[in-house]
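Here's the feature list from Swiss-Prot:
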| type | residues | note |
| --- | --- | --- |
| TRANSMEM | 30-50 | transmembrane segment |
| TRANSMEM | 73-93 | transmembrane segment |
| TRANSMEM | 99-119 | transmembrane segment |
| TRANSMEM | 140-160 | transmembrane segment |
| TRANSMEM | 171-191 | transmembrane segment |
| TRANSMEM | 202-222 | transmembrane segment |
| TRANSMEM | 239-259 | transmembrane segment |
| TRANSMEM | 266-286 | transmembrane segment |
| TRANSMEM | 291-311 | transmembrane segment |
| TRANSMEM | 346-366 | transmembrane segment |
């Protein structure tokens, strides 16, 4: 919106300095600042409203100390993240870029699924909220839409069903008709992974912010013909606009941490975690970096694997020995360390550090090929 207004003023009057609106870096920075300010300024009012309406029920399987600390805190804070990102994205990104719309759509789509889940748990007092079946339907539906749209719309003709492989130079893989199932799988897997990670104050917001920052950097490089040629990575015309929305997401997460850092005043709930997870997946798919996610988003992978291993081992040992046994004290992984007596703040910061290391490892793929 502001992009087109400032562009019109620049073409009409040619005032000094207005040409900067054409630069991705300027608009990404502006979107970041706008998103941060919206989150911080709107946060207190939203928290006050949610405190009077929506208090998150604590999971019964959570550690006792964790349950005690989390009583009487509002959820659905993800609405703040979504609002900040959508407003900032619409203000500073180009309307005619389909990449922008698909990212914003995915955030709103999965944010709505998460909101319904939170609403059923908090307001309707339905234990478990939205059933796993309907969550899966929502995730698969989004995946099918994104898959078919990017597969058959001419705007996405570059590479189409091909993608790059990390650590290998000039090596591409063509999904062919497997492309759409791959899109569905990645969106479902990543949104669930972020949802599993959202269990401690600041954990999901911090790790998501780091991952999206990395994706935003890759988006900027893939959308720049000079940088992409120099680094020998896929060039995607118009993909640079993804960086604008990415920075809005990053700073929405940072702004949310203002209220969600320990001791938290609000939780993002499934509204936020599912929205962030879908955004990460869609951004990675659009810039052809989905195969880099196991490295860049390694923290989410570890959290998901801890749950999968725990459940699988428990079922196997129950079948084999007559009683279920556990690998971890509790899953996901962050609760394992909680049960070991680690302070919540220490777990969160260490997971942030691990995510930063994964981010640096992903940067190394630009040269280690």
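Cβ coordinates come from backbone N, Cα and C, glycine included.
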Can you name the far-off residues of the same chain, 6+ from the ends of the transmembrane segment (99-119), with a Cβ under 8 Å from a Cβ of it?
54, 56, 75-76, 78-79, 82, 85-86, 89-90, 93, 129-130, 134-135, 138-139, 141-142, 146, 149-150, 187, 191, 195, 238-239, 241-242, 244-245, 249, 269-279, 281-283, 286
Are the transmembrane segment (30-50) and the transmembrane segment (346-366) close enough to be called in contact, which here means at least 3 C-beta pairs under 8 A that are separated by 6 or more residues?
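No; fewer than 3 Cβ pairs under 8 Å.
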Going along the chain, which residues at least six beyond the ends of the transmembrane segment (266-286) come within the CB cut-off of under 8 Å?
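Sequence-remote neighbours of the transmembrane segment (266-286) are 43, 46-47, 50, 56, 70, 73-82, 85, 99, 102-103, 106-111, 113-115, 117-118, 129-130, 135, 139, 142, 146, 150, 183, 186-187, 189-195, 197-198, 204-205, 208, 211-212, 215-216, 219, 236, 239, 242, 245-246, 249, 253, 256, 259-260, 292-293, 296-297, 300.
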With pairs closer than 6 in sequence left out, are the transmembrane segment (239-259) and the transmembrane segment (291-311) joined by 3 or more CB pairs under 8 Å?
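Result for the transmembrane segment (291-311) with the transmembrane segment (239-259) is no.
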For the transmembrane segment (239-259), what are the same-chain contacts with Cβ under 8 Å, counting residues 6+ beyond its ends?
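Hits for the transmembrane segment (239-259): 24, 27-29, 31-40, 43, 47, 77, 80-81, 84-85, 88-89, 92-94, 97, 99-100, 103-104, 107, 202, 205-206, 208-209, 212-213, 215-217, 219-220, 222-224, 265-266, 268, 272, 276, 279, 283, 286-287.
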